[in-house]
Structures are given as structure tokens and as C-alpha cells.
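Beneath this line is the structure, given in C-alpha cells, with notes to follow.
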Amino acid sequence: MTFRNCVAVDLGASSGRVMLARYERECRSLTLREIHRFNNGLHSQNGYVTWNVDSLESAIRLGLNKVCEEGIRIDSIGIDTWGVDFVLLDQQGQRVGLPVAYRDSRSNGLMAQAQQQLGKRDIYQRSGIQFLPFNTLYQLRALTEQQPELIPHIAHALLMPDYFSYRLTGKMNWEYTNATTTQLVNINSDDWDESLLAWSGANKAWFGRPTHPGNVIGHWICPQGNEIPVVAVASHDTASAVIASPLNGSRAAYLSSGTWSLMGFESQTPFTNDTALAANITNEGGAEGRYRVLKNIMGLWLLQRVLQERQINDLPALIAATQALPACRFIINPNDDRFINPEAMCSEIQAACREMAQPLPESDAELARCIFDSLALLYADVLHELAQLRGEDFSQLHIVGGGCQNTLLNQLCADACGIRVIAGPVEASTLGNIGIQLMTLDELNNVDDFRQVVSTTANLTTFTPNPDSEIAHYVAQLHSTRQTKELCA
């Protein structure tokens, strides 16, 4: 038997994990084992909301060392993280300034300024990326305007996964799928857009040309002295999750469900027409030259904050209590900027309900019901937008990532969207990370080949839409009375 041992480092906004994958060539079987799981979160530092990258690096190294201590020969390592955030380095490779998180308020108002000065349509035609107030384009403008004293010291700007790969290998890389999330990559050249960089105030010399997934960045020297290749995987976690989505045919859509929900479809060509711009659709880079045509939805961040504020530890019990409540009594727009990082999420949700003359969700279960119903309705809205954009309805929706374990939300999504939902795999980002490593090691031919492996090894659950459910009736009523595109606009 021929085995490959690949390690995926998968960092999310709320947690990280080091996972060991064992691939058996002859039977094309893939098994995952969690080596080390650790928390991640936002920190307040010198007036900024930041990431503790030193703690994350220590956790990554701890996980890798654990694998080596077991006597396992690692064939390769790959790192994926969330998008848009970056670390600045000087000529010696030392950090400059703080690793500020995208939920910091420093870029407030700069998106509107960019649209006014450059033109919204021109920015979109250049980048193909949706307008979000925390995109790297606006973060860099905030940095160069608010901290000009740092600029003479900056030699390099590395996005998060590239930074951690650099810390392991000493080699710098700018991976394409994650680079596209910055709104700074030209959609036609796949290189940094000089006009957008100039507006941001960043120096083009801070960046190297983006590289597509599958190259070896460098090597990590394990404690035993072995040189282990570190592969540039599809380092944006959603790009990795999509690779592991067992999409079957062109009529399949995906929803990567976690702190963020990202709904979209794969395409060989980007969509940058007026319809896409009006819907704020993004065309992020994917593997093998594919585009991830999608839309960001605030996701389970709202629930995570409610769990934290209410000190709720038993999520299954909360979901059970939520399921017993009537649907659609409390509806908010999860994509409202007010929910990006409010001081108190529960109060913010209640305020939004009050402003729309709705009952107030008071109990833990009512708050959760508000979030689940609102997300499902927004999923239905976005899926409809995507279908209109491509000119063809979808036949099924694949929900992947940690959020796909929420069976109530899965069923609400199926009912609201009126579409068959297939949930799984849970560790989609990890699996997609591993998939690119196996392709780089010449164990698999391409993404479609890897998806066949996922389909036969992952636990998948199907949810059939119930047209008689409360939320399905609510959607039908909405469609008959509302013509606006955005939910609760």
C-alpha cells in the first residue's frame, strides 16, 4: 500500500486546526485526523482590533511538532486562512505595525471615498470583486493615511496564509485565490492593478506577482531535520472549501457555512456586467483558472456573538429549543453593516427588530430563531440573484463547512430556497487544502478527480424542501409583494 501524509493548517476567524490527512493511493481513500485545535479571536491593542499572530504561529508549530513526534513522515504542508487581512514586514522580515483585523473600524467611510474618486463601475471592471468596507484596498488606504510614519519601514505586505508560510519557510509568496479577495488584483491580468494600488497608497514593490495554487513555496525543517515541502494551496479558506464541495454538474451551487456564509457557483468566466455590479457579486479566484462567482453573507458570526454574550455552551439544546418556535416572527438583514462588530450583538439584533416594528427576540432561543430564519431568507434571496445572473436555475445546493452541522438551518435553507440541499463535508476547507497538496504530489489529476474522492469518503446528508413549511409560505408571500433585490433594504 502506498500512503501519503499531508498536513493542513486551516485557520478561521474563530478557531484554527492542524489536521493530518492520510491518502491511500490504491483504494483512493482519504482519512482525516485532528492533531491540534485552538481558539482564534479578536484582540484590542493600542486602539485597534487585531489578530494575535504570534499565538497562532505557536499553535501551528505545536501541531506540526505533534505529528513529527508520532514518527509520521509528512509529505507536504498547506495553510489556508480567511481573506483580506495582511501583515507588513521590513527588509529584515520583521513585522511593521500591528496585524489589524478586518472588523476594525479604521477603514470606515473609505469605500465610499474610493467609489467617488475612482468610480464604482471602474473599480468593479478592474477587480470583479464585491464592495465590502473592509476589503484590503480600503484597509491599505486607512493604513497609509492614518499611519504614514510606518511607510518608510515597509518592504513587504503578506496576506495571512502567505505570512504563516513565510514564517515556516523563510520564503515569500502571494497566492492567487487569496490575493483576489483584496480587490487589488486586475481580473484580466491576474496581477496587481496599478491604479487601485496607487489609490490605496501602497507601493507595488510590497507585493510579488500572485501565483496560482500548486507551487512549492519552500520547506519547513522539522525537529528531526527533514525538509518538508510547504505548498501554496488555494489559501483563501473559501477557495479550499469550494474545491472540496462535491459539485455535480453545472447546475450545482455551493454555500460555505461558517463565521461567514459564502454562496455561489463555479464559472470559467467572470461576471462583471451591470447586473453583477448591482447585486454586488464577487468573482474571486479559484483553482485551475475557475472563478468563484459568489456573494458574502454575514453568516454564523451573529450566532457566535450571541453565544458569547449569553454564555451559552449547549448549542444542540439551543437549536432544539429554537426549532419549537414559530418561524419568521423576527426578521433582520444579516448583511447590514451594523452587525459587522457591534458592541452588543443581542442588543443590535433587538434594535433592528424594533426599527422594523417587529416583536423583540428576548430569549436565547428567540435570538437564535431570528438569526436562522433571517439567514435562510437571505440565502433564498442570494440564490435567486445568482440564478438570474447566470440565466439558469440551480438544481441543488451543497452546504459545506462547520455550519452544515446545523440541521435546522439546513432544512430552513432547503425550504426557503425550494431546492435540494446536500450537507457536507464539514471540514471542507481542510479537505480542499489537502486536495491541492495531493495534486502537487501527483497523486490526483485535477479538482474533479479530487471531488470524486470526496464524494465517496465524506458523510453527506440530503435535505428535501418542504413547500408546506412556515418559511416556505413566508417566502411565497414575499415574492408576491416585494420587488426589491435586497432583503429588508
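Quick reminder: no glycine exception, Cβ is built from N, Cα and C everywhere.
Worth saying up front: this structure is predicted, and the values here are computed from it rather than measured.
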From Gly83, Gly93, Gly97, Gly435, grab the residue that Swiss-Prot records in the same substrate site as His236, Asp237, Thr238, Asn296.
Gly83
Swiss-Prot annotation, ATP site containing Ala13, Ser14, Ser15, Gly16, Arg17, Gln304, Gly402 - matching residue among Thr259, Thr440, Thr456:
Thr259
Lowest local Cβ density among Gly83, Gly402, which the record lists as binding-site residues, within 10 Å:
Gly402
For Gly16 (ATP binding site), the one of Cys68, Cys222, His236, Asn296, Cys370 that lies nearest, given that the recorded positions are compared by Cα:
His236
What whole-number Å value do you get for the CA-CA distance of Cys417 (disulfide bond) and Asn296 (substrate binding site)?
17
Return the residue, from the listed binding-site residues Ser15, Thr238, Thr259, Gln304, with the maximum count of other C-beta atoms within 10 angstroms of its C-beta.
Thr238
Determine, using Cα-Cα distances only, which of these binding-site residues is closest to Cys222 (disulfide bond): Ser15, Arg17, Thr259, Gly402.
Arg17
